[in-house]
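The structure appears right after this line, and notes come after that.
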Amino acid sequence: VQKRTIIMEKKMAGFCIFFLILFLAQEYGVEGKECLNLSDKFKGPCLGSKNCDHHCRDIEHLLSGVCRDDFRCWCNRKC
């Protein structure tokens, strides 16, 4: 009975390690890396992320935009 328990514990440990590796591999999947850059053309203080996002997408043709604590518009682009 003790041998059977040890074998089952080893199988369970291997099973857990396999799924841990599988989970971590998903986290580092094949996605394009994104970089956050200060907008070149946004004028004035950035008070609403909706305006910044619209500007980055439609005017600078980038992925998205967000206002940060420095009241400037930052755009996301692929690196």
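Cβ coordinates are placed from backbone N, Cα and C, and glycine is handled just like the others.
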From the candidates Cys16, Cys67, Cys75, select the one that Swiss-Prot records as forming a disulfide bond with Cys46. Cys67
Which of Cys35, Cys46, Cys67, Cys73, Cys79, all disulfide-bonded residues, has a Cβ with the fewest other Cβ atoms inside 10 Å: Cys79
Just checking the disulfide-bonded residues Cys35, Cys46, Cys67, Cys79: which sit within 10 A of Cys52 (disulfide bond), CA to CA? Cys46, Cys67
Work out how many Å separate Cys79 (disulfide bond) and Cys46 (disulfide bond) at their Cα atoms, rounded off. 23
Around Cys73 (disulfide bond), which of the listed disulfide-bonded residues (Cys35, Cys46, Cys67) come within 10 Å, judging by Cα atoms? Cys46, Cys67
Can you see whether DSSP assigns Cys46 (disulfide bond) to helix, strand or coil? coil
